[in-house]
């Protein structure tokens, strides 16, 4: 919205700054951060009044018993902060901005319904997993069709291969189901990761920051020529979305830091995971998402392996899944698990960024 202030510029005044994506990304970051700081505590108070029992806690160990009564749905704070920041600072005539916002809010609503079902029944059983997956795939199907439509014709239905120069794999009709798997898989992988105080939000912010840099790079023809990557005009505006996500995420982390005063719930985890998947699709960096979000992949794979192996043999591979609970069972303190997983996320993000140059 504020982008249009640049039309008031004569070329040498403050209004000219609104032309620049980097300036507006900074504005989005601070807008979301300040919003989170201001409205975080009022939201927590409102959630405590509305849902006195808080989120039902899975019985993992004695350390988790103290979390009973902690309010959930804190993802609403992140969603509101990043949406306000994006609507204020991004170009609203950009289809990628609306695509990512739409996916984020649709998955946020799926998560909200699940959170509401849990707290209203005071049960860890929310909306059926099959129902959530079905709705998620419908949303992702719509996103895939829109992405194929808004991408340049030479990139539509193409899968970019990292490291290799200008290598695109034409997926044809398989592109749509592939995108559906990327978005739904990303949403649910982040959801599985959100099991400890602060565990999910920092890796999400790291991944978002990395994808934001990639979106900015592939949205500039000079950068793509230098890096030998495909050019996707318009994706640079997604840097503003990711900046708002990071600002809102930090505002949320202020209250989610151990011991957490609020959980993001499925409202936040599904929304943020869906957002990461949508950004990867828009920028044609779906494979890089698997690297940058490798922690989320590991969490999801640990659950799949645990379930399949148990059904086949009656035995477990891990002491408990997702894998962060396995390390808790091994004797790691919760802060150890969280911070070590943050470090892993940062390393994976650097590897993901390196794929831009390693060609």
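One is the number of the first residue shown, and numbering goes on along the chain from there.
Every residue gets a Cβ built from N, Cα and C, even glycine.
Quick look at what Swiss-Prot annotates:
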type: TRANSMEM; residues: 27-47; note: transmembrane segment
type: TRANSMEM; residues: 70-90; note: transmembrane segment
type: TRANSMEM; residues: 97-117; note: transmembrane segment
type: TRANSMEM; residues: 133-153; note: transmembrane segment
type: TRANSMEM; residues: 167-187; note: transmembrane segment
type: TRANSMEM; residues: 198-218; note: transmembrane segment
type: TRANSMEM; residues: 238-258; note: transmembrane segment
type: TRANSMEM; residues: 261-281; note: transmembrane segment
type: TRANSMEM; residues: 287-307; note: transmembrane segment
type: TRANSMEM; residues: 336-356; note: transmembrane segment
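By number of Cβ pairs under 8 Å, the transmembrane segment (70-90) is matched best by 238-258 from the list 133-153, 167-187, 238-258, 287-307. Between the transmembrane segment (238-258) and the transmembrane segment (97-117) there are 3 or more Cβ pairs closer than 8 Å, counting only residues 6 or more apart in sequence, so the two stretches are in contact. Between the transmembrane segment (336-356) and the transmembrane segment (198-218) there are at least 3 Cβ pairs closer than 8 Å, counting only pairs 6 or more residues apart in sequence, which means the two stretches are in contact. Outside the transmembrane segment (261-281) by six or more residues, the chain places 40, 43-44, 47, 55, 70-79, 99-100, 103-108, 110-112, 114-115, 126, 132, 136, 139-140, 143-144, 147, 179, 182-191, 193-194, 200-201, 204, 207-208, 211-212, 215, 238, 241-242, 245, 249, 252, 255, 288-289, 293, 296 with a CB less than 8 A from a CB of the stretch. Outside the transmembrane segment (97-117) by six or more residues, the chain places 55, 72-73, 75-76, 79, 82-83, 86, 90-91, 125-127, 132, 135-136, 139-140, 143, 146-147, 150, 183, 187, 191, 237-238, 240-241, 265-275, 277-279, 282 with a CB less than 8 A from a CB of the stretch.
Residues 159-162, 182, 185-186, 188-190, 192-193, 203, 206-207, 210-211, 214, 273, 276-277, 280, 316-318, 321-324, 326, 341, 344-345, 348-349, 351-352, 355 of the same chain lie 6+ residues outside the transmembrane segment (287-307) yet bring a C-beta within less than 8 angstroms of a C-beta in it.
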